[in-house]
Amino acid sequence: MVENSSSNNSTRPIPAIPMDLPDYEALPTHAPLYHQLIAGAFAGIMEHSVMFPIDALKTRIQSANAKSLSAKNMLSQISHISTSEGTLALWKGVQSVILGAGPAHAVYFGTYEFCKKNLIDSSDTQTHHPFKTAISGACATTASDALMNPFDTIKQRIQLNTSASVWQTTKQIYQSEGLAAFYYSYPTTLVMNIPFAAFNFVIYESSTKFLNPSNEYNPLIHCLCGSISGSTCAAITTPLDCIKTVLQIRGSQTVSLEIMRKADTFSKAASAIYQVYGWKGFWRGWKPRIVANMPATAISWTAYECAKHFLMTY
């Protein structure tokens, strides 16, 4: 007589899901600090350098002298700039972000891991902590932006069609505007980047826990989740990015409008944008910003997770 296999299967105990799965969202507690710094620096350089031409186009769109550019002619604009100004025109200033992005992102991810380690129990890898994750992200961007802001200011000045080098631009800004010019946009940068970073980490970790509950190293999932967080955060923070751009380029010789040149505070920059462009002015460059941030954030997270995985394995 053949036994009913379904009845036998129903009595078999269901194997328990192991709760001590490796957590690739954080380095182990015994990992030295330099592992986090190296992984963060690698991620930052990859993120900012690969998508630099799109970021340069966004800066031109947001600048006071930019003509109205639409997303449908974004590729034609890139082609036109490359043809009329040279192949490397949209790469002007990349040295500045490489110099700044490495140390700044080392601080960024290092601070994030440090805060998360002290706020969240290391043995609790299964529970999601969005509020503590957001706090960690906010602390991370506050620390890293203090280091990155001068380099970002230099980058945007060079992006506005100038042939000056990083050193020449730095010297020119300091001599004509003083040290404060490198930090005019820092408060606005924090207003923009604190929610950006908080949402970035929360959306990324929420989506990875949903798509990768086993916490396994999976570059495809890291890339997908990074794209989701990057595009979402870029879209909602575009108005603040427009204000930041005005503050960073106000002293450039390419800015001819007096109202833009005198905008040295958040409120003045916002008022100048509204007076010149209206409400639509706060969304100038939103499409190239998303196009740049979606792959850039995906690259950043994928590179960071890859570097962590490599350092943990080897």
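Here the Cβ of each residue, glycine as well, is placed from N, Cα and C on the backbone.
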- From 219-238, 239-258, the residue range that Swiss-Prot assigns the feature transmembrane segment: 219-238
- Task: Six or more residues out from either end of the transmembrane segment (93-112), which same-chain residues have a Cβ under 8 Å from its Cβ atoms?
- Result: 33, 36-41, 43-45, 47-49, 52, 56, 136-137, 139-141, 143-145, 147-148, 150-152, 154-159, 166, 169, 201, 300, 304
